[in-house]
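Read through the structure below, which is laid out as C-alpha cells, and then see the notes.
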Ligand code: GAR
C-alpha cells in the first residue's frame, strides 16, 4: 500500500488507558471525513477509558485482552484490522510491545506516540527519566513502529520546556497538550505521503 490513497483513509487506534490521544485523533478524523476517519478502536483492557470514549464518538470499539498471550492478541487484532479495512494503525497509550512479525506486517502503516524527544528516554516513565536526567527541554515524538521499543523513524516531534521545580505530573500534562497536536499532524503527513518509513515500508 502506498500513501496517499485515492479515497478517505481508515484509521484504527490501539489504546490501553484513558484515551486522550484517541480523543484528539477522533476529533481530527471523524466519521465521514473526506480525508480520513477513525473506524476502529481496539483496547487491550476491558476497563480502558478509550473504549467508552470511542462509543461516545460513534466509533466501533473492541476489547481484545492481551493477557499473557501475545500471539492470540495479534491474531485477533489482525483479523479486526482486515475486517474493518484499516489502512493505518495508531498506537495511543498502548502499553504493550508488539511482535517483530506483527510490526513487519504493518511496516510503514503503524505509528506510536511517546512522551519524550526520542531517541532520548524510551520505554516506561519517560517524563520521570527526563526529570532525573536534568534536561531543560523534553516533548513528544510520533514515530513509525519497528521491531524495537520506541526505535522507529520519527514523523513529528514537539518540544516542551522543563521548568524549575517541575513534577512528573506537571511535565506529563504539558507534554500531553503537545501530543494532542502532534498526533493528528503526523497522521496527516503520513497519509499525504510526505514521510515514509525505511525498507519494506510500502511492500
Ligand atoms: C501518553 O502520554 C502517551 O504518550 C504515553 O501514554 C500516555 C497515554 O495517554 N505512551 C507511552 O508512554 C508509550 N510508551 P492517553 O491514554 O491519554 O492518550
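Placed from the backbone N, Cα and C atoms, the Cβ positions cover glycine too.
According to TrEMBL:
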DOMAIN    10-187  domain 'Formyl transferase N-terminal'
BINDING   19, 20, 21  N(1)-(5-phospho-beta-D-ribosyl)glycinamide binding site
BINDING   70, 112  (6R)-10-formyltetrahydrofolate binding site
ACT_SITE  114  active site, proton donor
SITE      150  site 'Raises pKa of active site His'
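Feature map: TrEMBL annotations on the structure.
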| residue | record | contacts (Cβ under 8 Å, 6+ apart) |
| --- | --- | --- |
| 19 | N(1)-(5-phospho-beta-D-ribosyl)glycinamide binding site | 41, 48, 49, 50, 51, 53, 54, 92, 93 |
| 20 | N(1)-(5-phospho-beta-D-ribosyl)glycinamide binding site | 93, 176, 179, 180 |
| 21 | N(1)-(5-phospho-beta-D-ribosyl)glycinamide binding site | 13, 15, 90, 92, 93, 113, 179, 180, 183 |
| 70 | (6R)-10-formyltetrahydrofolate binding site | 96, 98, 99 |
| 112 | (6R)-10-formyltetrahydrofolate binding site | 90, 91, 94, 142, 143, 145, 150, 152 |
| 114 | active site, proton donor | 122, 126, 140, 141, 143, 150 |
For residue 150 (site 'Raises pKa of active site His'), the number of other Cβ atoms found within 10 Å of its own Cβ: 19
Recorded positions near ligand 1 among 19, 20, 21, 70, 114 (Cβ under 6 Å): 19, 20, 21, 114
Residue 21 (N(1)-(5-phospho-beta-D-ribosyl)glycinamide binding site) - helix vs strand vs coil (DSSP): helix
Three-state secondary structure, residue 150 (site 'Raises pKa of active site His') (per DSSP): coil
For residue 112 ((6R)-10-formyltetrahydrofolate binding site): DSSP state (helix, strand, coil): strand
Shell list (N(1)-(5-phospho-beta-D-ribosyl)glycinamide; ref centroid = CB of 19, 20, 21; cutoff 8 A): 15, 17, 18, 22, 23, 24, 50, 53, 92, 93, 180
